[in-house]
Structures are given as C-alpha cells and as structure tokens.
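Engineer: Pulled these from TrEMBL:
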BINDING   HIS69, HIS71, HIS224, ASN298  Fe(3+) binding site
BINDING   HIS69, HIS71, HIS224, ASN298  Zn(2+) binding site
BINDING   ARG78, TYR136, HIS163, GLN227, SER303  4-imidazolone-5-propanoate binding site
BINDING   TYR136, ASN300, GLY302  N-formimidoyl-L-glutamate binding site
Amino acid sequence: MAVNPKATVITGIGELTTNTEEFGALNDAALVIENDRVSWIGPTATAPAADHRVDVGGRAVLPGWVDSHTHLVFAGDRTAEFGARMSGTPYSAGGIRTTVEATRAATDDTLAANLRRLRAEALRQGTTYLETKTGYGLTVADEKRCAVLAAEVADEVTFLGAHVVPPELSAADYLDLVCGVMLDAVAPHVRWIDVFCETGAFDAAQSARVLEAGRAAGLGLRVHGNQLAPGPGVQLAVQHGAASVDHCTHLTAADIDALAVSTTVATLLPACDLCTRQPLAPARRLLDAGARIALATNTNPGSSYTTSMAFCVTTAVLQMGLSLPEALYAATAGAAQSLAHDLTAPGAIGVLRPDSAADIHILDAPSAIHLAYRPGIPLTWSVWRHGKPVTGRHE
Ligand code: NIG
C-alpha cells in the first residue's frame, strides 16, 4: 500500500465514538487525518500506511466537545454572591448587573486576556469548538466591542444585548436600542441573536420583538428560557423556529411536547442548575418524548463558572438519567445541531467520519464510560484541533 506523506494515522484506539450510523462505536480502531479533516476510519489491522503514525495505546477517542453556550466576555468577580447562594440566598437575574459594571470598566486588553484564558482552559479539557455571547456590555459601544473581542477567540458569537435592562434606561428605551442602533452595530460581528426570556429580564412580547428584529437583520435565533421558573421561553423559541432554547430547567408537559415536534434543540446546562441550586433539567423526559438535546457549560461568572464539558457529561449520566452514549452525543453532535450544523456536511463538527473535521479528544481511559465511572478525574490525554495536536500527549 502506498504511503501517504500528508497523512497521520492514529492507531490503537480502544474505543472510537463516531456519532455516525455507518461507524457507530468501534473497538481496536484507527483513524487517518489529512490536513484538517478525517480521511479514513476502520480497524487498526487494515489502516492505510502514513508517514506519521501515532499509537494511542488502547485509549478511547471521541469527537472534541462542542460547547454551544458560554458567556466568556466579562470582567470582575462574583465569588461573594456565589458564597451567599451556597448559604441560602437565591440566584436572581439581577446579579448580571454586577458583571455589566465591571465589564464596562475593563480595558479591551483585560477582556481579551480573560477570554483567551478561558478558551485555553476549555481547549485543554477537550473543547474544540465553542460559541460565546455578548451581554455584559449593554451599551452600543460595549456590546460591539464585546462582539469584536469574542470573534477573535470563539468559533461563533451570539448577540445577547437583551440580557437584562441596564440601570440607566427604561425597558422601553433599552428595547428600542437593542432592536435598532445596537443591533445594527453588532450584527456584522455575530451569527446569532439571543434573549433572556425570564422574570427579571424580558417578557414574552419583548422577547418576540428582539427575535423578530434579529431575524430581519439576518441573524439566527436562540433563547434563554425556563431557567428559574416555568415561563414562555420554550414556546416562544419553538414558535419562532429558534435553533436552540437554553436552560429548559422548568418545563411543563406542553413545553416538552412542543420541543418534541420542533427542530429547536433543548440545550441543557447542568453545571448552571447545580450552581444556582435549581433542579436539574428533565433530560430523560425530553429524550423519551423525542426532543433533541444538547449539553453545554454556560461558562459565566454568575451562574456557572466552569469550562468543563466533562463535568456536564458526568452529571448528565449520574444525575439526569442519560446513558453515557446519550450524554456524549448531546455534548458533541447534539450541541453542533443546536448551532444549526449539518452533521453530514464536509468538515462537520461533533462527529468523526471521512471528511468530518479532525477535532479529536483522546481520553486516558480505555472507554468513554470512564467519564462517569471515574467522576471528577481529569481524563483528557490529548486534544487535536483542525488536524493538529494542540494540547496534551501526542508523541
Ligand atoms: O445563562 N441566564 C442568563 N444569563 C446567564 C447568567 C449570567 C449571570 O448571572 O451573570 C446564564 O445563566
């Protein structure tokens, strides 16, 4: 067999999770990478020759995590608020204003350094694709600079001007701004618009206005909904054909039925549920009803200060009734779908198949179930992004 000088073959994969119907999960597998894509998948015994060979010694390989919900553009610290919450003070949307004040006061360099720090932290743990949001600026200039800074670090950026109403404006004046001048300033730098539809933030009519303005500006739609109590967020997201409704902590039977017959993905944020002392979102009921789900970290300084997708997967398995394959899928392929990615397209993320992205997470364990079997143990051994090893062991 001819040796391909441009290819790297990864052999000795104890368990390969592909998230595809054609390959499923393979044992004693190999995978070939050319440039930034996977070019071949199959048994190690029949792997094609390549100039560069990496034997992973029976370790498990899976697609890199897709973190489809983060808020990385912020400054300041909310440790005291978190401590008080752990002593019984309830979480409320109002805490966002603390971070808005600190973010407005921060320099671009401070915000960029924090963004890079958190992106690097996520990558070291296997997150190869990441969405992040604005939402702690809440002036035209601050939302625009947050979007520009985010676009330098994240794969996709969401405009969340409609996070809360800032203290200096009335709700009516602020909505005019978000749906007008602010949207015009931010739209060239983002793919998505989002709205926090919750008591203490925006009601259904206000949220609908934000989504319609975003759609008219050519943006895709996302909603934060049903985080702190039952509410209109899920139904609004489904009615507007949003790609994702995020949180979904407090769902009625009608919400679950609506999600089950929609294309809107329910993005569940278990670290946030735990850190705000909410119940965990009803992942099992959603899947059993036929809804599509994603798992994401919701990294932010108020409600979920973690970049660990592994923690979310572990929690989903141990506490939310998902099997390991269901949780893995939700944190990779499901999250890609929540960002409206086609899993069969050339360069697809969240899956491993010929012509998918070569974004690969290698665990220091023989199978992925160890993510739940060994809770809290850092299992990332190596991470490859765009076909190149970027962190960890990859001799
Ligand atoms: O997704 N829900 C709205 N936004 C963030 C919270 C941000 C904060 O408390 O700073 C969230 O949980």
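Here, residue 1 is simply the first one shown, and the rest follow in order.
Keep in mind that glycine also has a Cβ here, set from the backbone N, Cα and C atoms.
Those TrEMBL annotations? Automatic predictions, nothing curated.
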Engineer: If the criterion is a C-beta within less than 6 angstroms of any ligand 1 atom, which of the binding-site residues HIS69, ASN300, SER303 pass it? List them in sequence order.
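Structural biologist: With ligand 1 as the reference and 6 Å as the Cβ limit, the list reads ASN300, SER303.
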Engineer: Measuring Cα to Cα, how many angstrom lie between HIS163 (4-imidazolone-5-propanoate binding site) and GLY302 (N-formimidoyl-L-glutamate binding site)?
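Structural biologist: So the alpha carbons of HIS163 (4-imidazolone-5-propanoate binding site) and GLY302 (N-formimidoyl-L-glutamate binding site) sit roughly 13 Å from each other.
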Engineer: If the Fe(3+) site is taken as the center of the Cβ atoms of HIS69, HIS71, HIS224, ASN298, which further residues of that chain fall within 8 Å of it by their Cβ?
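Structural biologist: Residues close to the Fe(3+) site, other than HIS69, HIS71, HIS224, ASN298: THR70, LYS133, ASP246, HIS247, LEU269, CYS272, ALA296, THR299, ASN300, SER304.
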Engineer: Enter the number of other CB atoms within 10 angstroms of the CB of HIS69 (Fe(3+) binding site).
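Structural biologist: For HIS69 (Fe(3+) binding site), the 10 Å Cβ neighbour count is 30.
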Engineer: Considering Cα atoms only, can you say which of HIS69, HIS71, ASN300, GLY302 is the nearest neighbour of ARG78 (4-imidazolone-5-propanoate binding site) among these binding-site residues?
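Structural biologist: Result: the closest of the binding-site residues to ARG78 (4-imidazolone-5-propanoate binding site) is GLY302.
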Engineer: Within its own chain, what residues at least 6 apart in sequence put their Cβ under 8 Å from the Cβ of GLY302 (N-formimidoyl-L-glutamate binding site), listed in sequence order?
Structural biologist: ARG78, GLU81, TYR91, GLY95, ILE96, THR98, THR99
Engineer: According to DSSP, does ARG78 (4-imidazolone-5-propanoate binding site) sit in a helix, a strand, or coil?
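Structural biologist: DSSP assigns ARG78 (4-imidazolone-5-propanoate binding site) to coil.
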Engineer: Excluding near sequence neighbours, so keeping only residues 6 or more apart in the same chain, what lies with its CB under 8 A of TYR136 (4-imidazolone-5-propanoate binding site)?
Structural biologist: HIS71, VAL73, PHE74, ALA75, ILE96, THR99, VAL100, ALA102, THR103, ASP142, CYS146, HIS163
Engineer: For the recorded N-formimidoyl-L-glutamate site formed by TYR136, ASN300, GLY302, which further same-chain residues have Cβ atoms within 8 Å of the site's Cβ center?
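Structural biologist: What remains near the Cβ centre is HIS71, PHE74, ARG78, GLY95, ILE96, THR99, GLY135, PRO301, SER303.
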Engineer: Over all pairs in ARG78, TYR136, HIS163, GLN227, SER303, the listed 4-imidazolone-5-propanoate binding residues, work out the largest Cα-Cα distance in Å.
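Structural biologist: Max span of the 4-imidazolone-5-propanoate binding residues, Cα based, is 19 Å.
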Engineer: Would you mind reading off the Cα separation of ASN298 (Fe(3+) binding site) from GLN227 (4-imidazolone-5-propanoate binding site), to the nearest angstrom?
Structural biologist: 12
Engineer: Counting only residues 6+ apart in the same chain, whose Cβ is under 8 Å from the Cβ of GLN227 (4-imidazolone-5-propanoate binding site)?
Structural biologist: GLU198, GLY233, HIS247, THR249, HIS250, CYS272, GLN278
Engineer: In sequence order, which same-chain residues at least six apart have a C-beta under 8 angstroms from HIS224 (Fe(3+) binding site)?
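Structural biologist: When sequence neighbours closer than 6 are ignored, HIS224 (Fe(3+) binding site) has LEU160, ASP194, VAL195, PHE196, CYS197, GLU198, ALA201, GLY233, VAL245, ASP246, HIS247 within Cβ distance under 8 Å.
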Engineer: In DSSP terms, helix, strand or coil for HIS71 (Fe(3+) binding site)?
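Structural biologist: Assignment for HIS71 (Fe(3+) binding site) reads coil.
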Engineer: Cα-Cα separation of SER303 (4-imidazolone-5-propanoate binding site) and HIS69 (Fe(3+) binding site), in Å?
Structural biologist: 13
